[in-house]
Amino acid sequence: MAEIKPRRSVVGILALQGAFAEHRTALEKLSLSRKLQILLVKTPEDLAQCDALIIPGGESTTIALLARLAGLSEPLKEFVKVKPVWGTCAGAILLSQAVENAKKGGQELLGGMSITIARNGWGSQVESFEAPLEVEGLRDPSSPFNGVFIRAPVILQLHPTTDDPPITVVARLAPGLLPSGLATLNASDEPRTFVALRQGLHFLTTFHPELTNDNRFHEYFVRECVLAGK
Amino acid sequence: MSTPVPTVLSAPQGTSLQSPPIPQGAGSASTPSTAPARIGATQRDGSSSLGTFGVKSGLAQMLKGGVIMDVVNAEQARIAEEAGACAVMALERVPADIRAEGGVARMSDPEMIKAIVDAVTIPVMAKVRIGHFVEAQILQAIGVDYIDESEVLTPADDEYHINKHPFKVPFVCGARDLGEALRRISEGAAMIRTKGEAGTGNVVEAVRHQRAVMSQIRQASVMSEEELYVYAKTIGAPFHLLKETARLKRLPVVNFAAGGVATPADAALMMQLGCDGVFVGSGIFHSGDPAKRARAIVQAVTHYNNYKILAEVSENLGPAMVGLTIDANLKGGNFAARGH
């Protein structure tokens, strides 16, 4: 007699290039992990099995090209329309509607979040940094999160239409830490200080929670975006 | 549970009196990433810190599963970017030409490197001679994203490598075995690559070096602490880094293949042997159809375990670079023997 088990949610991690193994390790450490099955996604057949997807950090141009060559571009665009997706750094760029500082000739995006983002917002690697972030909606929100920003993108603009789900800010950077030239801005609604955003089932972080031992962002994505509708 | 963030240590330039850092956070390690060591970090307005070991080794983690390609001008850099390179290495002559032409090979002209930085959006690396810390200061000043302290250039110091901790820019260094890799990490390297034998189109040395590292890690991983003390002495590795490597069962930083990779199959071979990604030097722009070969190698690194895709991308690439036999008569000599 077959035992009837509730089906576990399959969380895919796009594994074309970049720091996908780190996301797997972080998910495996969650107390929610027994409700999840984790799958590294390299082909359309892999993606078809997933209920949710994480797009990791890496090079957005490389990941987009490899997705196209693997026949994943269109399946990913369809997936993003209906399923929960979290993008970190390069993944956040791919989830954006528009990008500045793109490579010459422009670059392919998946869309999904109504924002404009700029690649390499702080400049080259010598400007990469770590800084404490103010967080909202995570477990233990009074404890700051150590944000690791590596050649990170900057969110320039939010432009949701009335039909889009509202955008919530999950983490902010102190205005003084913005790229030089912008550092004097002090408004709390300045989009450049937003470093983690949620819109409906979609979630992005311009920094790298997977490079820390703090799994609160992974827990947030699984709880709020992946398991919420179950 | 969240890990408390330790107070940032800002090391004054030229001193490193803190207990040695254990670099953390690499790759597919089963237990990566506690808060990274922070020697060399500098603070910006009291709350953020630049150039931490975490952001240095973190960039290498973002390069994993990717291909870093040697380029000598902006046009080649654009071809590499369009072919899916995750970074480019800017240099005046590729290793095959350094070998053929001889003479002293030095850091490239900063103007040429800046032209490449301006041409692409992906990270740009550049090489300095072993031990030449002023070349490294210059490259940091012009804002390259990674420095390769490389045996492919003529060494400036036959005894000392650069102390890489005080730099904000991260370094990658070559290694032939585990002891050499851990000595470089101890000096501050945030990424390791095999030395291989650059400019030969012959992968045999890269295979030898990767097999040596993996074999020694497997041996160390089953040793008792007493055995590790002796083994650290035997291979000339700092004990604390050897112990961490044994625990992780991998190097504590990202480890790429380099030196002799010429085909998609070579690249996939190095990935199946446990590398995190691949450098391709002369192999691309010394081949018949650089753009096509570059793209094929990029796909081979992603799909290194998918034999069907490997077969497809290996088809019809035109002539590969001419390979050289590695023996005592090798023109230009054995680069891998430089530095130890």
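Easy rule for this one: first residue shown is 1, then count along the chain.
Note that Cβ sites are derived from N, Cα and C of the backbone, with glycine treated the same way.
In the three-state DSSP scheme, B:LYS127 (active site, schiff-base intermediate with D-ribose 5-phosphate) falls into the strand class. Cβ environment of B:LYS127 (active site, schiff-base intermediate with D-ribose 5-phosphate): B:MET89, B:LEU91, B:MET107, B:SER108, B:ILE147, B:ASP148, B:GLU149, B:SER150, B:VAL152, B:LEU153 lie under 8 Å away, each six or more residues apart in the same chain. Look at TrEMBL and you will find B:LYS127 tagged as active site, schiff-base intermediate with D-ribose 5-phosphate.
The D-ribose 5-phosphate binding site annotation in TrEMBL covers B:ASP70, B:GLY199, B:GLY260, B:GLY281, B:SER282. Proximity of B:ASP70 (D-ribose 5-phosphate binding site) to non-local residues of its own chain (separation of 6 or more, Cβ distance below 8 Å) is seen for B:VAL88, B:MET89, B:LEU91, B:VAL94, B:PRO95, B:PHE279, B:VAL280, B:GLY281, B:SER282, B:ILE284, B:PHE285, given in sequence order. In the three-state DSSP reading, B:ASP70 (D-ribose 5-phosphate binding site) counts as strand.
All protein chains included, B:ARG211 (D-glyceraldehyde 3-phosphate binding site) registers 14 other Cβ atoms within 10 Å of its own Cβ. TrEMBL lists B:ARG211 with the feature D-glyceraldehyde 3-phosphate binding site.
Look at TrEMBL and you will find B:1-19 tagged as compositional bias 'Polar residues'.
Look at TrEMBL and you will find B:25-37 tagged as compositional bias 'Low complexity'.
Taken from TrEMBL, the feature domain 'PdxS/SNZ N-terminal' applies to B:53-258.
Taken from TrEMBL, the feature region 'Disordered' applies to B:1-48.
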Rounded Cα separation (Å) that holds between B:GLY260 (D-ribose 5-phosphate binding site) and B:ARG211 (D-glyceraldehyde 3-phosphate binding site): 15
Predicted model, mean pLDDT over the domain 'PdxS/SNZ N-terminal' (B:53-258): 97
Neighbour count (Cβ, 10 Å) for B:SER282 (D-ribose 5-phosphate binding site): 25
Cβ-based neighbourhood (8 Å from the centroid) of the D-ribose 5-phosphate site, residues B:ASP70, B:GLY199, B:GLY260, B:GLY281, B:SER282 excluded: B:VAL94, B:PRO95, B:ALA96, B:VAL152, B:ALA198, B:THR200, B:GLY201, B:GLY259, B:VAL261, B:VAL280, B:GLY283, B:HIS286, B:MET321
Maximum Cα-Cα separation in Å among residues B:ASP70, B:GLY199, B:GLY260, B:GLY281, B:SER282, which the record lists as binding D-ribose 5-phosphate: 12
Local Cβ density at B:GLY260 (D-ribose 5-phosphate binding site) - other Cβ atoms counted within 10 Å: 31
Cα separation, B:ARG211 (D-glyceraldehyde 3-phosphate binding site) to B:GLY199 (D-ribose 5-phosphate binding site) (Å, whole number): 20
